Amino acid sequence: MDLDLERGPPGPRRPPRGPPLSSSIGLALLLLLLALLFWLYIIMSNWTGGALLVLYAFALMLVIIILIIFIFRRDLLCPLGALCLLLLMITLLLIALWNLHGQALYLGIVLFIFGCLLVLGLWIYLLEILWRLGATIWQLLAFFLAFFLDIILLIIALYLQQNWWTLLVDLLWLLLFLAILIWMYYHGQRHSDEHHHDDSLPHPQQATDDSSNQSDSNSNEGRHLLLVSGAGDGPPLCSQNLGAPGGGPNNGPQDPDNTDDNGPQDPDNTDDNGPHDPLPQDPDNTDDNGPQDPDNTDDNGPHDPLPHNPSDSAGNDGGPPQLTEEVENKGGDQGPPLMTDGGGGHSHDSGHDGIDPHLPTLLLGTSGSGGDDDDPHGPVQLSYYD
C-alpha cells in the first residue's frame with residue numbers, strides 16, 4: 001500500500017462504535033419515563049406555585065432532553081448536553097434567587113449573567129459545528145431565531161404563570177433540540193461518508209504520475225524512426241535529429257556555424273565531405289566541391305543528377321549519390337551513406353516501391369531554378385514526410 005505524502009501513513013482503522021450497554025439504555029429509559037411523569041404532574045396539578053411552577057417544569061424538560069440525547073446520540077452530549085446542563089443550572093439558580101435578599105441576591109444576579117454569557121457562547125459553538133457539517137446560512141439563522149424565540153416565550157410564561165402556556169413553551173424547547181438532533185444525525189452521517197478515505201483507491205498524485213508516464217510512453221511509441229546505414233567508417237547521412245538549425249539533419253560533429261559536417265572542417269566554417277579544396281574560395285564565401293549553386297550553400301550533400309566527375313581533386317564523388325543498399329567508399333571520401341528503404345527502392349522512384357509505409361521517407365527534389373551552367377537543375381533539397 002502506497003504512502004500518502006500529503007496525509008501521511010494511514011493509521012489503524014477505527015473500530016465501529018458499538019451500541020450502548022442494554023443496562024445503561026434501560027436505566028436511561030426508566031429515568032426518562034420518571035421525568036415525563038413528574039413533568040406532567042407539575043403541569044396538570046392545581047398547585048399554585050406561581051413562577052416557580054414554570055421553572056420546575058422547564059428544569060424537568062431539560063432533564064428529559066439530556067436523557068434523550070444520552071439514549072440516541074451519546075456523541076452529542078458535549079455540545080447539546082452541556083448546553084442543557086447549563087440551562088438547568090441557570091433555572092435552579094433562578095429558583096433560588098426567588099427567595100433571596102440583600103447581597104446574596106446581587107451575587108446570584110452576577111452568577112446569572114455569567115451563566116447567560118456561557119449559554120450564548122455554547123450556542124454559538126453549536127452553530128459553528130452545524131456550519132462545519134454543511135448547514136446553510138438560512139438554517140443557522142432559523143436555529144438562532146428559534147432559540148431566542150423560546151427564551152422570549154419562557155419569559156412570557158414566567159409573567160403569565162399559566163399551565164397551558166408553560167406546556168407550550170416546554171414542548172417548543174423539546175422540539176428545538178429534537179430538530180437539531182435530527183439534522184445532525186442525517187447531515188453528520190453524509191459528511192462522514194463524503195470524507196471517508198479509502199486506502200484501496202490510488203492517490204490523485206499517483207494517478208497523475210501514472211497517466212503522465214503512460215502518455216510519455218505513447219508519445220515515444222508514436223515517434224517515427226528513420227533507419228539509415230553508414231557507408232564504411234563515415235557518419236550516417238540522416239539521423240533522428242531532424243531539428244538541426246540548418247534545415248536538415250545533423251549527421252556529424254557540429255561546426256561553429258551550426259551546419260552539417262561529414263568531413264574535415266574548412267577555414268570558412270562550412271561543411272566539407274572531403275579534404276580541403278585546392279581550388280580558390282568561391283565568391284559566395286562557402287566551400288564548394290562542385291558547381292556553385294545560386295542559393296550560396298554547400299553543394300557537398302546529395303548532388304544534382306550530374307554525371308560522375310572523376311577529376312575532383314579531393315577525391316569526392318561529384319555525381320549524385322545513389323540511395324541503394326550499397327555505397328562505394330572511395331579513398332578519402334566519406335560520402336553520404338545509403339538509406340535503407342527496406343526493399344531496394346530508388347531515390348527517384350515516385351512510387352516508393354519497396355518502402356515500408358510505416359516509416360518516413362526521404363525524397364530528393366530540386367529548387368526549380370537553374371544555377372551555374374554546369375548545374376542546370378539547381379541545388380538538391382531534402383524533403384521529410386510520413
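All positions are counted from 1 along the displayed chain.
Each residue, glycine too, has its Cβ placed from N, Cα and C.
Pulled from Swiss-Prot:
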| type | residues | note |
| --- | --- | --- |
| COMPBIAS | 209-220 | compositional bias 'Low complexity' |
| COMPBIAS | 251-267 | compositional bias 'Low complexity' |
| COMPBIAS | 346-356 | compositional bias 'Basic and acidic residues' |
| COMPBIAS | 357-366 | compositional bias 'Low complexity' |
| REGION | 194-232 | region 'CTAR1' |
| REGION | 194-386 | region 'Disordered' |
| REGION | 342-386 | region 'CTAR2' |
| SITE | Pro204 | site 'Interaction with host TRAF3' |
| SITE | Gln206 | site 'Interaction with host TRAF3' |
| SITE | Thr208 | site 'Interaction with host TRAF3' |
| SITE | Asp210 | site 'Interaction with host TRAF3' |
| TOPO_DOM | 2-23 | topological domain 'Cytoplasmic' |
| TOPO_DOM | 45-51 | topological domain 'Extracellular' |
| TOPO_DOM | 97-106 | topological domain 'Extracellular' |
| TOPO_DOM | 128-139 | topological domain 'Cytoplasmic' |
| TOPO_DOM | 185-386 | topological domain 'Cytoplasmic' |
| TRANSMEM | 24-44 | transmembrane segment |
| TRANSMEM | 52-72 | transmembrane segment |
| TRANSMEM | 76-96 | transmembrane segment |
| TRANSMEM | 107-127 | transmembrane segment |
| TRANSMEM | 140-160 | transmembrane segment |
| TRANSMEM | 164-184 | transmembrane segment |
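DSSP places the residues of the topological domain 'Extracellular' (97-106) in helix, strand and coil in these numbers: 5 helix, 0 strand, 5 coil.
Averaged across the topological domain 'Cytoplasmic' (2-23), pLDDT for the predicted model comes to 59. Sequence-distant contacts of the transmembrane segment (164-184), counting only residues of its own chain at least 6 positions beyond either end whose CB sits under 8 Å from a CB of the stretch, comprise 39, 43, 53-54, 57-58, 61-62, 64-65, 68-69, 72-73, 76, 80, 84, 126, 129-130, 133, 135, 139, 143, 146-147, 149-150, 153-154, 156-157.
Note: the topological domain 'Cytoplasmic' (128-139) comprises 8 helix, 0 strand, 4 coil (DSSP; helix = H, G, I, strand = E, B). Residues 51-52, 55, 112 of the same chain lie 6+ residues outside the topological domain 'Extracellular' (97-106) yet bring a C-beta within less than 8 angstroms of a C-beta in it.
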